[in-house]
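The block underneath contains the structure these notes are about, expressed in structure tokens.
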Amino acid sequence: MQQPWSIYLLAIFMLGLDSKLVGQAFQPEFAEPLMNITIPVGRDATFRCLVQNLGGYRVGWVKADTKAIQAIHVHVITNNHRVAVSHNGPTVWNLHIRSVQEEDRGQYMCQINTDPMKSQIGYLDVVVSPDFIAEETSGDIMVPEGGTARVSCRARGMPEPRVMWRREDGADIVLRESNGIKTKVAVYEEEVLTLNKISRSDMGAYLCIASNGVPPSVSKRIIIKVHFHPVIQVPNQLIGAPLGTDTTLECYVESSPKSINYWVRDSNEMVISSSKYEVMNTVISSFESRMALTVRRLSEEDIGGYRCVAKNSLGETDSLIRIYEILGPTVRNTSPVTRRGDLKYSTPIEDPDEQFGSAERSDDEDETTDVTDRLQYQTRNRTVQHTTNSAHEQKLSNKVRKISNKFEIKSGFETNSCCRVHSYNLHIAILVLKFYAYN
């Protein structure tokens, strides 16, 4: 009777030993580590936990830093509606977090309910693109020239943003220290920009740029205005011009705020655009402008002083420009001949200016011109018929020779000039013949 009992106990022992060995051989294990995740706020995140030999065990998810259970096996435990779980067979187990928020940042644990428990941890890092803190960021400012301008630009984000300043026009930022040292930089990296002893050249738009590696970077445009009273620069304070020509006066104005610019005569009469005057004001930069006054067909009444005036809320200034007459070529009128002075161009010969190639004439030429005008005038207004005889013709010939001798060209002149002068002399001789023919 004792032998069967001993066999039975031995069988039980052997079966228990085998089951223990089998359980140890097929314990669940993690196939790979749980990966860390970095994701921008608002995106979806997914943790993947790979388990081998899960058997009858279960997988759970816990937010490690708060010890809040997220899910057990296929059931979601948390009240966060953005959390979900999924699996692919007994091996792949996923934890999904939709539209990730900053409060989701932290450690997440994948657990297997073995004894002792097996687990692994992954970290969810939620990054946030930069954004400016409105109450701690400056707007546009105005400062007097020589004063101090201080503008600040503070931003938040994850990781913490880096703030830098640059000028919109690409010019250098000028930093002046109290000891007089001046430094020029293209980019200034601080949240607060301070400009000491500011000048008008520092005026303009400044860009504050915040970035932390998470797109997009953000920028804010801040305009610094420097106020000062008007200043006028005049290239030419004395301008000479011939009568009948158009003359332009220029003044360059610097002012901030923008000035009211206008022109006045010596008599304090304001000059406005008309058929006589053209007034123009051209903007060069935010604080520079060009004033221009064109006087058309300069006359004796236009000779004198003109003042360009600039006025803003900080002051007023002016500068005087004087126009004086200079001798120059007569302005030719191309309309039909109606005046006595135009008769000298009414004959079908070359203009005297074109004949000699110069605006200057000798005394003999002036005398000849007067004689020509007088002869043509008398020729047009006298109609008496005359007869000639040989004696009278001889007399005319002698007079023509005398007049012609007055225009003999010296040997130093060029051949072309001589030919033109002889042509002109011949014309004078013909006019003299006509004159004496009617006398």
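Cβ from N, Cα, C; glycine included.
TrEMBL entries are annotated by machine, without manual review.
Annotated domain 'Ig-like' per TrEMBL: 28-129 (among others), in sequence order.
In the predicted model, the domain 'Ig-like' (130-219) shows an average pLDDT of 95. If you look up TrEMBL, you'll see 130-219 (among others) marked as domain 'Ig-like'.
Under DSSP, the residues of the domain 'Ig-like' (230-324) split into helix, strand and coil as follows: 3 helix, 60 strand, 32 coil. The domain 'Ig-like' annotation in TrEMBL covers 230-324 (among others).
What TrEMBL records for 338-373 is region 'Disordered'.
Summarising the annotation, TrEMBL assigns signal peptide to 1-19.
Taken through DSSP, the domain 'Ig-like' (130-219) splits into 6 helix, 44 strand, 40 coil.
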